[in-house]
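Q: Submitted below is the structure of interest, expressed as structure tokens.
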Amino acid sequence: MFLLLPFDSLVVNLLGISLTVLFTLLLVFIIVPAIFGVSFGIRRIYMKTLLKIFRWATLRIERGAKEKNHPLYKPYVNGIIAKEPTSLEEEIKEIRRSGSSKALDTPEFELSDIFYFCRKGIETIMDDEVTKRFSAEELESWNLLSRTNYNFQYISLRLTVLWGLGVLIRYCFLLPLRIALAFTGISLLVVGTTVVGYLPNGRWKEFLSKHVHLMCYRICVRALTAIITYHDQENRPQNGGICVANHTSPIDVIILASDGYYAMVGQIHGGLMGVIQRAVMKACPHVWFERSEVKDRHLVAKRLTEHVQDKSKLPILIFPEGTCINNTSVMMFKKGSFEIGATVYPVAIKYDPQFGDAFWNSSKYGMVTYLLRMMTSWAIVCSVWYLPPMTRQPEEDAVQFANRVKSAIARQGGLVDLLWDGGLKREKVKDTFKEEQQKLYSKTIVGNHEDRSRS
């Protein structure tokens, strides 16, 4: 009887059965676990399998390169120049000691002093520690993605077939599945928060809002096949505080919001983002600013202060770097969120680039292109550390407090602690940076002369 059906009816029936099976699998293995915050461990098994494949592919490349006498490229993980942590004064002392009879105490400009600045300039050109933080992190092994390392060439038919199979799996299976999950998560977030927003204020509304947010963000996390390990969860941010974290990608928000309930801070947008913002605002007190208000520092500080002073309101989630860094370092924290006197809850996020590069290079990729790259990667694997809460000390100013928090995040995440402003991603170096070096050199010479005169 089944064989006698018309061809179009057969196709419709098969399509209906396929969609029913797919929806059932999504409901049982993804949506229901996301509601209760549990996992069957399938993603971790998937990650371990990928690691074995990557190791085999890397060993095969290395063996093939040796057979064909191809030199292997190794990325410079720690930079191409070995730098000793010495001060300007110490280095100029060494230069004068080796090339001049004058001591550093002499309050005169010595021609040999320029060699210090020449060397620093050449080192910066050859191994710029700032601009390389805005490009993808190099991998020592090949992860079978289109963005590969320099060593991949044609080695064997098996390796090439494996790469082609990976392309089919990522684009023909994982991508449609992830798009469906992302659509489900975003749709449920908009509908759920809109419905909850009509409920009267109270514990019941707060309870439903929290679990709707957590459920939807967990579905979105699964849309990226994100495998997240949370550490020290007893230090999770509490109401009336500020959660600050290093910033690598827009998905940092989803990573943190799938394990906690936060008030977001940001500019009001239009389009799909605007629809989401208006929906979640009905169920939760987020802090949104109009475009004309964003640059008003006093207004922003006032709104944030009013929020954190109400201990019943959610912790604010802020990324003080103000831009995305490639997850190898932490750059200067803007002082604004450290001036309002609230308890700060530092969070360190470290991604594993073997499975997919989470860094958003906004000067190279638009948001749609970036999300497509994320959804066609193997997975997003990261670790999140909740650090103990920190408060501003009486003798500290906002900048010193921000630097102390930044150092703690960098130390915990194994990241390089840099003093440079992430705004250098799009702007030229400010004249004040040059003036600081000039003042330091002048103080080094004149200061020593003054100390010698007093003695």
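Along the chain as shown, the residues are counted starting at 1.
Cβ from N, Cα, C; glycine included.
The domain 'Phospholipid/glycerol acyltransferase' annotation in TrEMBL covers 241-352. For 12-42, 155-173, 179-200, the entry in TrEMBL reads transmembrane segment.
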Q: Determine the mean pLDDT over the domain 'Phospholipid/glycerol acyltransferase' (241-352), rounding to the nearest whole number.
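A: The average pLDDT of the model in the domain 'Phospholipid/glycerol acyltransferase' (241-352) works out to 85.
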Q: Same chain only, please: residues at least 6 beyond the ends of the transmembrane segment (179-200) with a C-beta under 8 Å from a C-beta of the stretch. Say none if there are none.
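A: Same-chain contacts beyond the flanks: 22, 26, 30-31, 208-209, 212-213, 215-217, 219-220, 222-223, 272, 275-276, 279-284, 375.
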Q: Provide the three-state DSSP residue tally for the domain 'Phospholipid/glycerol acyltransferase' (241-352): helix first, then strand, then coil.
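A: Helix, strand, coil within the domain 'Phospholipid/glycerol acyltransferase' (241-352): 35 helix, 26 strand, 51 coil.
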